[in-house]
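Enquirer: Just passing along the structure, written as structure tokens.
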């Protein structure tokens, strides 16, 4: 029984270390999922709810330094500015959707793909 507890402790520690080491990968995965939900939203209300979730996850990612930056604070500032630009685009689209302009909101969201490509090349 004691060996089992030790093995379980080691397993939990290994999993915890792996989760911490992932940096912002979980948030990025969630952001990608939210973009798909925004793109496929059928109503302005659905779009607005998913935009709120996207912004929440994006702010978490903005506050977390990606492992690829190796602690470089200057690069982190650039990363944070890029994340703010992404958040601003979604906030703009959310505003349009809340005014009943779902089609325009989806057009604004389409800009995220070019931002993703730009910032992934710089910070991934």
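Glycine too: its Cβ is placed from the backbone N, Cα and C atoms.
Okay, so TrEMBL annotates it like this:
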type: SIGNAL; residues: 1-21; note: signal peptide
type: BINDING; residues: 28, 120; note: heme b binding site
Enquirer: Please list, in sequence order, the residues in the chain of residue 28 (heme b binding site) that are at least six apart in sequence and whose C-beta is under 8 Å away from its C-beta.
Expert: 61
Enquirer: Which residues in the same chain, at least 6 apart in sequence, have a Cβ under 8 Å from the Cβ of residue 120 (heme b binding site)?
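Expert: Non-local contacts for residue 120 (heme b binding site): none found.
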